[in-house]
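**Student:** Quick one: the structure is below, and I'll ask about it shortly.
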Amino acid sequence: MGLDAKTLLNKLKKEHSLTLDEYRYLLEHRDCESMEIAAGYAKEFQNQYYGNQVYIRGLVEFTNFCRNNCLYCGIRRDNQNCQRYRLNKQEIVDCANEGYDMGFRTIVLQGGEDFAYSDDDICDIIRSIRSAHEDLVVTLSIGERSRESYRRYYDAGARRYLLRHETASPELYAKLHPAELSWEHRMNCLKDLKEIGYQVGAGFMVESPGQTMRDLAMDLKFVEEFKPDMCGIGPFITHQDTPFANEPSGTLETTLFCLSLIRMIYPMVLLPATTALGTIHPRGREMGIMAGANVVMPNLSPASVRKKYALYDNKICTGEEAAECLECLKRRMESIRYQIVTDPGNRAGL
Ligand code: SAM
Ligand code: FES
C-alpha cells in the first residue's frame, strides 16, 4: 500500500469526504493492508453508532413481472425463461403478518416494475398492513413511478423507499440499460422521494460490466453528497439468460472495500450486507458486517416463489421457509459476535 492510501484513509476518517480523484486512487490501489485499515475505521464508526447490533428487514418479493429490460437483470422483460408470478393482496399481507409475528418491525415490498398493481392496489396493501400493525414500517422498492404515485403511497403510510441509483455515471447507466430508461429520470425519482419525506435507500452494483474505478469513485462521491438513509450495494452477478451472460461477476474484495468506505463517508448510514454478497461467498454477509455493514434482509417471500425471483445465477436463500432464513442469519451473526435486533433503526417511528 502506498503511503498516500493511508493518508487518504485517515483524511476520510476525519473529514468524511474526499475528491473524486482521491476515491479513485483508493480504489485503484486497494490491497490487503488498505482493506484492513478501512475495515478497522469502519468498525469504529459502526461500533460508535450501532454497537454490535444488526438490523433486520423482511423482504417480500411480491412480483417478478417487469416492464423494464435492464441488461443485467434476470427478471427483465425479455427473459422468456423466467417463470413469472404475482402475489395477491392477501398473500402479501400474510407475509407481512408472518414477519411481524417473527419479530420484524420493517418489511420491504419489492418487485419488478409491474403496473398490474395500480396505485390504488399498492395503497390498499400498505393500509391493510399498517392498520394491523401500527409499529411495522413499510418500505417500498417498486422502481420508478410518478411523484404523484410516490406521494399517494406516502399518504397511505409507506415511509421508506429503496431505489438504487445503480451507477452515478450517466454514460455507464446508458450501457447497462435500454434507451428508454434514463439516468436523469432515476435521479429525479430519488430527489422526489427525498422531498416527499421518505427515508430513501440508494445504492449501486459493484463491478458491473464496463464499470471503471472512476465510475465507482463517482458512486462514492454521490453517496457523500446525496446522503441516502440507506445504501444497498452488492456485486454484479451474472445471469445466464441476460445479454451479460458472458460477463464476469463482481468481486468480494471490491465490494467489502466499498462497504468500509461508505461507512466512513457516512457513519450513520444503514448499510446492508446483501444477498448478492452472500451469493458470491458463503460467508459474504458475515464479512460484509465485519467490513462495516449493519443490516441484513432475510427473505419473507413464500418458499414456493423464491426461486423465481432470480435476479442473478445461484441466488442463495431460495429453499428455506422464512423462519429458517431468520434463524440461519441469527446464527451467522452470533458466530461473529453480532446480535440481530428488530427495531426499525435510525429515525425509528417515522
Ligand atoms: N424494480 C425495482 C427497482 O428497479 O428498483 C426493484 C427490484 S430490482 C430487481 C432490485 C435491484 O436488484 C436492482 O436495483 C439491482 O441493483 C439489483 N440487481 C438486478 N440484477 C442484478 C444482478 N445481475 N446482479 C446484482 N444485482 C442485481
Ligand atoms: Fe425490472 Fe430488473 S429489469 S426489476
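Backbone N, Cα and C atoms are what each Cβ position is placed from, and that goes for glycine too.
According to TrEMBL, the protein has these features:
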type    : residues      : note
DOMAIN  : 52-277        : domain 'Radical SAM core'
BINDING : C66, C70, C73 : [4Fe-4S] cluster binding site
BINDING : S141          : (3R)-3-methyl-D-ornithine binding site
BINDING : E166, R186    : S-adenosyl-L-methionine binding site
**Student:** Can you tell which of the binding-site residues S141, E166, R186 lies nearest to C73 ([4Fe-4S] cluster binding site) in space, using Cα positions?
**Tutor:** E166
**Student:** Which of the binding-site residues C73, S141, E166, R186 have a Cβ less than 6 Å from any atom of ligand 2?
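**Tutor:** With ligand 2 as the reference and 6 Å as the Cβ limit, the list reads C73.
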**Student:** For ligand 1, which among the binding-site residues C73, S141, R186 have a CB under 6 Å from it?
**Tutor:** C73, S141
**Student:** Measuring Cα to Cα, tell me the gap between C66 ([4Fe-4S] cluster binding site) and R186 (S-adenosyl-L-methionine binding site) in whole angstrom.
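**Tutor:** Pair distance, Cα basis, whole Å: 16 Å.
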**Student:** From the centroid of the CB atoms of C66, C70, C73, the recorded [4Fe-4S] cluster site, which same-chain residues not already listed sit within 8 A by their CB, in sequence order?
**Tutor:** N68, N69, Y72, G74, I75, R76, R77, G112, L311
**Student:** Going by DSSP, is R186 (S-adenosyl-L-methionine binding site) sitting in a helix, a strand, or coil?
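**Tutor:** Where R186 (S-adenosyl-L-methionine binding site) sits, the three-state DSSP reduction gives helix.
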**Student:** In Å, rounded, how far does the Cα of C70 ([4Fe-4S] cluster binding site) sit from the Cα of E166 (S-adenosyl-L-methionine binding site)?
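**Tutor:** Checking the Cα atoms of C70 ([4Fe-4S] cluster binding site) and E166 (S-adenosyl-L-methionine binding site) gives a distance of 11 Å.
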**Student:** Hey, how far is S141 ((3R)-3-methyl-D-ornithine binding site) from R186 (S-adenosyl-L-methionine binding site), Cα to Cα, in Å?
**Tutor:** 13
**Student:** What's the number of neighbouring CB atoms sitting within 10 A of the CB on C73 ([4Fe-4S] cluster binding site)?
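**Tutor:** There are 21 such Cβ atoms around C73 ([4Fe-4S] cluster binding site).
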**Student:** Can you count the other CB atoms that lie within 10 A of the CB of S141 ((3R)-3-methyl-D-ornithine binding site)?
**Tutor:** 18
